[in-house]
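Asks: Take this structure, written in structure tokens, and hold onto it; I'll ask about it next.
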Amino acid sequence: MKVARFQKIPNGENETMIPVLTSKKASELPVSEVASILQADLQNGLNKCEVSHRRAFHGWNEFDISEDEPLWKKYISQFKNPLIMLLLASAVISVLMHQFDDAVSITVAILIVVTVAFVQEYRSEKSLEELSKLVPPECHCVREGKLEHTLARDLVPGDTVCLSVGDRVPADLRLFEAVDLSIDESSLTGETTPCSKVTAPQPAATNGDLASRSNIAFMGTLVRCGKAKGVVIGTGENSEFGEVFKMMQAEEAPKTPLQKSMDLLGKQLSFYSFGIIGIIMLVGWLLGKDILEMFTISVSLAVAAIPEGLPIVVTVTLALGVMRMVKKRAIVKKLPIVETLGCCNVICSDKTGTLTKNEMTVTHIFTSDGLHAEVTGVGYNQFGEVIVDGDVVHGFYNPAVSRIVEAGCVCNDAVIRNNTLMGKPTEGALIALAMKMGLDGLQQDYIRKAEYPFSSEQKWMAVKCVHRTQQDRPEICFMKGAYEQVIKYCTTYQSKGQTLTLTQQQRDVQQEKARMGSAGLRVLALASGPELGQLTFLGLVGIIDPPRTGVKEAVTTLIASGVSIKMITGDSQETAIAIASRLGLYSKTSQSVSGEEIDAMDVQQLSQIVPKVAVFYRASPRHKMKIIKSLQKNGSVVAMTGDGVNDAVALKAADIGVAMGQTGTDVCKEAADMILVDDDFQTIMSAIEEGKGIYNNIKNFVRFQLSTSIAALTLISLATLMNFPNPLNAMQILWINIIMDGPPAQSLGVEPVDKDVIRKPPRNWKDSILTKNLILKILVSSIIIVCGTLFVFWRELRDNVITPRDTTMTFTCFVFFDMFNALSSRSQTKSVFEIGLCSNKMFCYAVLGSIMGQLLVIYFPPLQKVFQTESLSILDLLFLLGLTSSVCIVAEIIKKVERSREKIQKHVSSTSSSFLEV
């Protein structure tokens, strides 16, 4: 491996080498050698001239998020949809055939579709920009011997940066000063435990992964404790953060299932359209008709058969779904993504910050005399209670518990202000515990005389203190740390107010510790006494990163609906399985796989075992990518949730990337398709429900539009091919076309989401939107409409002379069939009475408006002239209503039969299961 990468100044005379160190190499070298390679002055920093000089070659300390495309290009890109291309071709053919009405209506439809899609994507991008501007990155940097407060984007390799508690690390740093420094690297590595940092060089054999480089502070990570200085070794895309970003940009986002379905439908419609042209031309030629005339008729029919309203309904339905998701605090960046969630059958979720809060919390206390206390409440606040045997403990009411809380509070460097932690998460959990008991003031009651800071080697921390009001008394020593280390300094333990010699109790406590550990708790032992080596063992506290509120319920519902959830984390196997079990993700039959085991397998091997795996632990971004690829290889539609830099590449590779809006990094949000503004995992369940509902609405529209379209096409084709008089004139056909693509059709796209839809299994993305069942329903409706309309035409045409009354009856019959067909198309499974006749107000208004329009066409004299109609009697209208309602009645009967069949199948299935159990 090269020590450094050099870039040349493209100037003839003053060629200078500008070095860039990798974090792995920098961690192996002494600080002095790193400074020499970077040509850096660690104490005084760089001068402004040198900073400008280096920036000319390294660029700004930021990421090149793909250059903004001009708005006109973004608008033009919306025309790439196959259905839009087909409609454009239809418009051109309509112009060539002098059918200007069709050409105008199709062009307007196209413009509406692309404009709605363009505006929605533009608004989502702007929302994302505003979200990413909430926290402007700044840092403290030494330049020309002075400490400056500057923007992180100004940093260059060789700059000296100062870090303190609460700071975000602005670039990759090689540390040369560190005092009790702990950094939370969970956003980068997935590790929930803050990493203790040192300055000594590391052997090459021990720094293979990012988490093991203890002398490097990585860009984007958070200082939890201590202070430090470091020299910048990598900025922007040359940082480890940047490596993830480059991987993310290189990953292509897959097409959504809806896009695939619409592509397939576009191809099918094209195929059928050309088929119609060919068949009609062939039949006409065989009948001896003029070939050019037959071509004109067949092209007109093919253009009429293409449902130009489909892209509008799809776009508007998706846009309304996106707007509903915004109300639920979710930003969807691209329209089709919300529907994609409807066929999502696997969710790969990062644990830290997504399933859990990333806020360590004390949940159990075990005193040295065997008393067990449960602690409620989550996070760094005072909300919660300490309960012993059903009673709430407060203050010094229970001395055994209070002593443990006192030791944890005094032997502590963390501070909680306004529910925000300044310090280590584990120490924050102890302060929050003290707040719940009203004892957090104890931290200020003691004066610290000496301190033994925590280190990863000794695994304990101790302080020597005196009480402010009793400074003449001997010092008291408080200790906390790993049980096996703390117990070495203890000689006694407390039992019911008495101090006893530590004997068999040690083994009992060890067993208790093991039991707590098996539950995935991080265990801390606490002790106090006059001197180290003469301490009294007080007891244990169990700490956990708790699950987010409502996650367990959401997980249960999703699993019941056929969605598999897999937890991916950088934590240990024990902790990962404990959290997964609490959430209902892990059972006795589940498997867990480590990152090392994933490395030993290729994608093909992993794809064979991945369906049975519930937990992936010690996983890196590379492993997450492999997991997602193996799931996609099995044909799964994968959603990936996450909030850290380590999730970004997988978020982009997944079919749906879901980022957390509050805790998520900018890189993570850039990679995601959807952002949960409130970080609420339950919103994913709402999105899946929304996605399934949207797809159902699109199917409802397709059923209505194609059945009406096929009926109209068949009616006109039969009349043309069999030399019958045309039952409808041109203006009447235009009016039917307006209804077919107009308000009644559009209103089907805004049908309220059926609450039962979440219980249905995810649909197979390979299935066409035109399923066998849907095609059957379309054909049945079309046949009823054609037969009914032809019957009315035949009934009125008994004198073999076409009169305005004949066409008016036929025309009105077809329109009424249309309305009843739309009514039955509102749901594919439920009766219109079950979903509610007026539950979709827009549909009611649309149908009412269409009927009023039809009555005006029949009875309003000026329109009678335009449409060549005449007034009908009340009896005529009642006859037509009775006849045309048949399409709705038959559809309702089919639904009833299907529901009955489904109930019988469920009953047989449950009976078989019960029999097998017996």
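Think of each number as a place in line: the chain as shown, counted from 1.
Each residue, glycine too, has its Cβ placed from N, Cα and C.
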Asks: Would you say whether Swiss-Prot puts SER768 on the same side of the membrane as SER825?
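Replies: Topo match: no.
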Asks: Transmembrane segment per Swiss-Prot: which of the ranges 460-480, 670-690, 733-753 is that?
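Replies: Matching range for transmembrane segment: 733-753.
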Asks: Just to verify a number: CA distance, ASP643 (Mg(2+) binding site) to ASP350 (active site, 4-aspartylphosphate intermediate), in angstrom, no decimals.
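Replies: If we compare the Cα positions of ASP643 (Mg(2+) binding site) and ASP350 (active site, 4-aspartylphosphate intermediate), the gap is 8 Å.
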Asks: Rounded to the nearest angstrom, how far is the Cα of ASP647 (Mg(2+) binding site) from the Cα of ASP350 (active site, 4-aspartylphosphate intermediate)?
Replies: 8
Asks: Please give the sequence-distant neighbours of the transmembrane segment (843-863): residues at least 6 beyond its ends with Cβ less than 8 Å from one of its Cβ atoms.
Replies: 735, 739, 742-744, 746-748, 750-751, 808, 812, 815-816, 818-819, 822-823, 826, 837, 869-872
Asks: What is the total of other Cβ atoms whose distance to the Cβ of ASP647 (Mg(2+) binding site) is within 10 Å?
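Replies: There are 36 of them.
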Asks: So what's near the topological domain 'Cytoplasmic' (754-773) in sequence-distant terms, Cβ-Cβ under 8 Å and 6+ beyond its ends?
Replies: 257, 260-262, 264-265, 268, 342-345, 557, 560-563, 635, 637, 685, 688-689, 692-693, 695-696, 698-699, 702, 706, 827-828, 830, 835
Asks: Return one of helix, strand or coil for ASP350 (active site, 4-aspartylphosphate intermediate), based on DSSP.
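Replies: It is in a strand.
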Asks: With DSSP, how much of the topological domain 'Cytoplasmic' (864-873) is helix, how much strand and how much coil, in residues?
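Replies: Its residues divide into 4 helix, 0 strand, 6 coil.
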Asks: Same-chain Cβ contacts of the topological domain 'Cytoplasmic' (864-873) under 8 Å, 6 or more residues past its ends?
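Replies: Result: 729, 731-732, 735, 804-805, 807-809, 811-812, 857-858, 880.
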Asks: For the topological domain 'Extracellular' (725-732), what's the model's average pLDDT?
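Replies: So the average pLDDT across the topological domain 'Extracellular' (725-732) works out to 70.
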